[in-house]
Amino acid sequence: MAADGVSLSLQLPCVFSPKSRQYLAVCAQDGRLRVWNTDSKTLHQEFVPSAHLSATCTCIAWGPCRTVKEGPQRKKRKSEVGHVEEKADLLAMGTAAGTVLIYSTAKGALHCTLDGGHSGGVNCVHWHPEDSLLYSGSDDTNIVEWDLQTGKTRSKWKADRAAVTSLCVSPDGKLLLSAGHVIKMWDLETKEIYRRFTGHSTAVTTLRFATTRPPDSNGLYFLSGAAHDRLLSVWQVREDGKDKNSVVSFTLTDEPQHIDLITSGSKEEAVRLAVVCKDGQLHLFEHFLNGPCKKPLSPSCSVQMSDAKDSPMPIPLLAAALGADPRGVMLAYGNHLQPVMEKVEVNTAERHVCLTRDVRTNLSLSMETTVSKVKTPIVNAKSKVLVPGLPGHTAPLKAAAPQGTEKRKKDADTKEMSIAERLGEIDLEAVSDQKGAPKVAASLQTDNFAVLLMQGLESNDTDILNKVFQTRKEALIKKTVARLPLPAVIPLVEELSKRLQGHPLTACLMVRWLKVVLMHHTSYLASLPDLVTQLGVLYHMIESRVKMFHKLTKLHGKLHLLTTQVAANDSSALVSEVDHTAKLVYEEESSDEDDISVDEALPGEDSDHWEEEEAMQEEEDDDEQDEDPDRRTEPKANGDEDMEHENESEEE
C-alpha cells in the first residue's frame, strides 16, 4: 500500500514504494529527493528540484503501480506477451510554494509540474487508485483534483475553515477523506459531504482506510491520527449515520509519524498495522474490526533499535513496511541523509523487541555511475601526491600512507623544543591590565600553533588539544586553520563534533573553530565522496539543539518570572511597618489672635442695641475720612519742597 504522504513541517517525508517495496523515497534536510534501492541498499536516483531551498518538499506519495516503457526494446515472444510487470513509477511531491512535482523513476527526471491550484503550501497529496487523478490539500483550505493527462486542475473546492492537513481516497475510488480539525468524507462524483467525524483536538496528520468493504454494509472502517496525540482512532461508517464516535483506539508511545497497513476484506480477516512513532519506535497491531471496543488496544509487539556500544544509544526508525509474511518487516532507520534499509523477522510472541545494529558499518554510501557525474581519477601507485603542508613539519598523518622509513637527521645547531616546553610557554589568557606594563609577546607563532594542533590530532592528546582549542582570537583561529594540510581537515571536524556534544561552554568555542574550518576548506569538503557520512551526525546534532533552544527560552522566561515574583514578595515582607505619628507639628501663632479679634468685632448675640452700635460705627468712619485729606496733603507738600531743593541744586 502506498504511504499516506502527510508530513508536518518538522517531519521529513520517508515512504516505501507500494507492493514490491523495492524503493524508498526520502526528502532530507538539504531539500533533495533520493530514491534508494532496498534490494541492493544503494542510491538509485537523486533529484534536486529547482527551488529545493526556498520551496522545500513537505509530503511524498507513490502512485499506483503501472507498466512502464523505458525505451526501445526488442520484440517479445508470444510466451512473454501475457506476463507484464508493473512497477512503481510516478512519485508526487508537494512543496511549500503550493506546487506539486511529479517525478518519474523510470525516466529519472521530472515528469511534470502541477501549479496554479493552490495559494498556500501543500500539506498532503494522495493518488486515485485507478484513474490518473491526484488530490492535494493545502494551507489555503482547498482541495484540488488534478488530471495528470492534461496537467491541469479538474475541480477545486473549499474543504474546511482551517488548513487541510491530510487526505485519503477509498480503495474503490468513490470516497475521499479530508481533515483539518474535523474529518469529512466526500462523495467524489458530486463533491458533497457524505459524513462528518469529530473527536480530535489538534490537526489530523494521518488518514487511512482499514477495510475494502462498501460503505452501506456497516463494514467500512478508517483510522486517524493527530499531532501530539498518542492514540490512533478507528471510525466506522455506519449505514444509519450514528457514527459520531470512534469505535476502537490503539495506544502509542508518541504521535504517529509513518503508518503502513494491510487492509481487511472481510470480518474474518484481521487488519495488520505498523506504526512508527515520533520517538523512533515501531508498534505492530493486529485486530479484527467487528464493532466497537471500549478498552484501548496496546500493541502486540514494540520494536526499538540501538547501537552496539558499551553505553547503547537508540537509533530512530524512519519507516516500516509490512509484507505477506506476518513476521517479516522492512525497516528504514538511521538518518534521512543516508538511511539503512533492512528486512527483519520480528518475533511477535514477545511484547518488546530490541535490535542492536552497528550503524557505522552499515552506512556505506555507494552510488551508481549513472547517478553521480563525478568520476574519481585513477592514480598510479608509483606516482607521488603532494599535499600542502606546514613549513618545517613533515610528520605524516594516520590517514596518509608512509612514504619511507628514513629518519630525519637532526642538526647539532638547530634545537627543537619539546611538546612539554611548548605547552609551558603557551599562555592564551596573558593580558596585562596594569598601565605602563610592557605587553607580553606570544612566544609561539601561528606555525607552531598549527603544528601543535596536528600533533594533538595524531596522538589524540587531550592536553594539547585543550590548550589549542581554548583560544578565543578569531585571527589566530583563521591562520591556524588555513595552514592545516588537507588530510587533517576531516580528523579536525570529527574532534570538533565530539566536543560539541559536551559542555555548552566548550561547545561555544568549538562552534568558532567549526565555522572557520567550513569557510576555509569548503572546496575540499565538497570534493569528498563520503561527505554525507562525515557531516551527517554533526548536522543532526545541531538541528536537535536548535529545536530545543526555543523550548529552553520559554522555560527560562517562565523561571525568570517566578524568581522575580518570589524575590519581590520577600523584599516586601522585609520592609517594616511605616510609623504614621508626626515627628514635628507646626502651629501658627497669629491664628488665635485673629480669631479673637474677629470675635470682638462681631456684635454679641445678646446685644439688643445693635442698630445704635452700627450707627455710631458709621459716624466714626466718616470722621476718619474727614481727617484723611489733611494727612494726604502733607506728603504732597513735603514732595514739593523736595523738588524745589533739587531744582536749586541743579541751578547751582
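Yeah, the Cβs are placed from backbone N, Cα and C, and that goes for glycine too.
Note that TrEMBL annotation is computational and uncurated.
Annotated compositional bias 'Basic and acidic residues' per TrEMBL: 405-415 (among others), in sequence order.
Summarising the annotation, TrEMBL assigns compositional bias 'Acidic residues' to 587-628 (among others).
Per TrEMBL, the feature compositional bias 'Basic and acidic residues' maps to 629-639 (among others).
What TrEMBL records for 640-652 (among others) is compositional bias 'Acidic residues'.
Counted with DSSP, the domain 'Small-subunit processome Utp12' (460-563) comes out as 87 helix, 0 strand, 17 coil. According to TrEMBL, the feature domain 'Small-subunit processome Utp12' maps to 460-563.
Per TrEMBL, the feature region 'Disordered' maps to 393-415 (among others).
Annotation source TrEMBL lists region 'Disordered' at 586-652 (among others).
Annotation comment: TrEMBL describes 115-156 as repeat 'WD'. In the predicted model, the repeat 'WD' (115-156) shows an average pLDDT of 91.
Sequence-remote contacts of a segment are chain residues at least 6 beyond its ends whose Cβ falls under 8 Å from one of its Cβ atoms, and for the repeat 'WD' (115-156) they are 2, 4-7, 58-64, 90, 92-100, 102, 162-169, 171-173, 176, 178, 180, 186, 191. Residue counts for the repeat 'WD' (115-156) under DSSP, helix first, then strand, then coil, are 0 helix, 23 strand, 19 coil.
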